[in-house]
Amino acid sequence: MDVSMDQDTRIDLKNFTLEELTEFLAGMGKERFRAGQVMRWMYHRLVDDFDAMSDLSKVLRAELHQRARISRLTPEATEDSRDGTRKYLFRLEDGETIESVRIPMDDNRATLCISTQVGCAMGCVFCHTGSFGLVRNLTPGEIVNQVCAALADGPVNNIVLMGMGEPLHNLDNVVKALQILYMPQGLDYSPRKVTLSTAGLVPQMQELGKRVRVNLAVSLNATTDEVRNRLMPVNQRYPLQQLMAACRQYPLHAKKRITFEYILIRDVNDSDQDARRLVKLLHGIKAKVNIIPFNEHSASEFRAPTEERISRFQGYLLDHGMVAIRRASKGQDISAACGQLKGKLTVSPPAQESERNSARPDRSQGKGKHL
C-alpha cells in the first residue's frame with residue numbers, strides 16, 4: 001500500500017480532552033459550551049463529519065473544517081475465531097499497523113483489548129509483540145479510536161490495555177486517552193471497567209496512581225529475579241523487591257485488587273517451589289492471580305504446561321487463601337491470545353465501508369449503555 005500521500009496537518013480533535021477542546025474553541029472566539037456539543041457528536045454518535053453536527057452553526061462547521069479534523073480507524077482486516085473472538089487490524093495514517101481484540105464474555109458482553117504502541121520496547125521473551133521492538137507511541141486519538149471502531153460491531157463492556165505495547169512507556173498519551181474514555185461527554189466508561197497492564201515500570205506505576213484511576217494488572221510471570229531477568233528484561237532495572245513495594249503503595253479503591261498475571265511456562269516457572277514463592281511474594285497485597293497457560297507461537301521455543309501442572313499450581317494458591325483464576329486463552333486459532341499480537345493479519349478484507357457505516361450505533365439515546 002502506498003502511504004506516501006500528504007498527511008492532513010489539521011488538528012485532530014480526537015487527541016483533545018474536554019478541557020483542551022474547550023480552550024481550542026475559545027481560541028477561535030467560540031462559546032465554551034460548544035466543546036461538549038462537539039464531544040458528544042464524536043463519541044456518543046461516533047460522527048466524524050462536522051457537517052453532520054446539526055446543532056452547530058454553519059459558520060462554526062465551516063471554520064472547524066478549515067482548522068480541525070476528526071480521525072477514525074477503520075479495520076483494514078478482521079479475523080474471527082471459532083470461539084467468537086474477533087481480531088482487528090488497523091492501518092494508521094503513517095502506514096504502521098496495530099491490532100485490537102474483541103473478546104466475547106458471558107451474557108452477550110464483550111471485553112476489548114487495545115494497543116498503546118506500535119511494537120514494544122520491553123522485549124519479554126515469551127511475547128510475540130516484543131520480538132519486533134518499538135516503532136512509536138500511539139496518540140490519544142489512536143488509542144481511543146480502537147474503542148470507537150469496535151463499538152460499530154456492538155457494545156464494549158470492559159476495556160483492557162493489554163494489546164501491543166507497554167502502556168506506562170506511553171504514560172502521557174495513555175492518561176489522556178483514559179480521561180477521554182471516562183468523560184461523560186466522551187465514551188463515558190466507569191474506571192471500574194478499565195484495566196491497564198504493565199510489565200513493571202515502577203516510577204510510572206507511582207505516577208499513574210497519582211494522575212488517573214484505573215484497575216492495575218502487573219505482568220509478573222516469575223517468583224525469582226533470576227528467572228524474571230531472563231523472561232522480562234525490565235526486571236534488571238526494577239527487580240521484584242522494588243516492584244512489590246510499588247504494588248503495596250498503589251492506591252486501590254474499596255473492594256479492588258491488583259491483578260497479577262502469571263504466564264505459566266513449562267519447566268520455567270510452573271514448579272511447586274514457584275507456587276510456594278508466589279504466595280510469599282504477594283503476602284500483604286490485595287491480590288488476584290490470573291494464571292495464563294503459555295500460548296505457543298512461532299517466535300518462541302517455550303511450551304505450554306501440562307493440564308496436571310496447571311491444576312496443581314492453581315490448587316496450591318487456592319489452598320493458601322489466594323484468589324487464583326485460570327484465565328481462558330480465547331482467540332488462539334487466530335493468534336489473538338495473550339502474547340500473540342504482531343500487527344499483521346492475512347485474511348480477506350472486511351465488509352464494505354458503507355456497510356460498516358450503516359452498522360454504526362447512535363449512542364445519543366442515553367449514556368453509558370455499553371457499561
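For all residues, glycine too, the Cβ spot is worked out from N, Cα and C.
Copied from Swiss-Prot, the annotated features are:
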ACT_SITE  E99  active site, proton acceptor
ACT_SITE  C338  active site, S-methylcysteine intermediate
BINDING   C120, C124, C127  [4Fe-4S] cluster binding site
BINDING   G165, E166, S197, S219, L220, N221, N295  S-adenosyl-L-methionine binding site
COMPBIAS  353-365  compositional bias 'Basic and acidic residues'
DISULFID  C113-C338  disulfide bond
DOMAIN    106-333  domain 'Radical SAM core'
REGION    345-371  region 'Disordered'
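In this view, S219 (S-adenosyl-L-methionine binding site) is surrounded by 26 other Cβ atoms within 10 Å of its Cβ, with every protein chain counted. Separating the Cα atoms of S219 (S-adenosyl-L-methionine binding site) and C113 (disulfide bond) is a whole-number distance of 15 Å. Neighbour counts were taken as the number of other C-beta atoms within 10 angstroms of each residue's C-beta; across the binding-site residues G165, N221, the minimum falls on N221.
Listed in sequence order, V160, L161, M162, P167, A217, V218, S219, T259, E261 are the same-chain residues at least 6 apart in sequence whose CB falls under 8 Å from the CB of S197 (S-adenosyl-L-methionine binding site). If you check the recorded positions E99, C113, C120, C124 against N295 (S-adenosyl-L-methionine binding site), none has a Cα inside 10 Å of its Cα. Look at N221 (S-adenosyl-L-methionine binding site): DSSP puts it in coil. Here N221 (S-adenosyl-L-methionine binding site) is positioned 12 angstrom away from C127 ([4Fe-4S] cluster binding site), judged by their C-alpha atoms. Note on the recorded positions C113, C120, C124, C127, L220: the fewest other CB atoms within 10 A surround the CB of C124. A Cα-Cα distance of 4 Å separates G165 (S-adenosyl-L-methionine binding site) from C120 ([4Fe-4S] cluster binding site).
Here the binding residues for S-adenosyl-L-methionine are G165, E166, S197, S219, L220, N221, N295. Their largest Cα to Cα distance works out to 19 Å. Around the Cβ of E99 (active site, proton acceptor), the number of neighbouring Cβ atoms within 10 Å comes to 26. Residues near E166 (S-adenosyl-L-methionine binding site) in space but far in sequence (CB under 8 A, at least 6 apart, same chain), listed by position: T116, Q117, C120, A121, M122, T198, A199, L201. Put simply, C113 (disulfide bond) is 19 Å from C124 ([4Fe-4S] cluster binding site) when counted between their Cα atoms.
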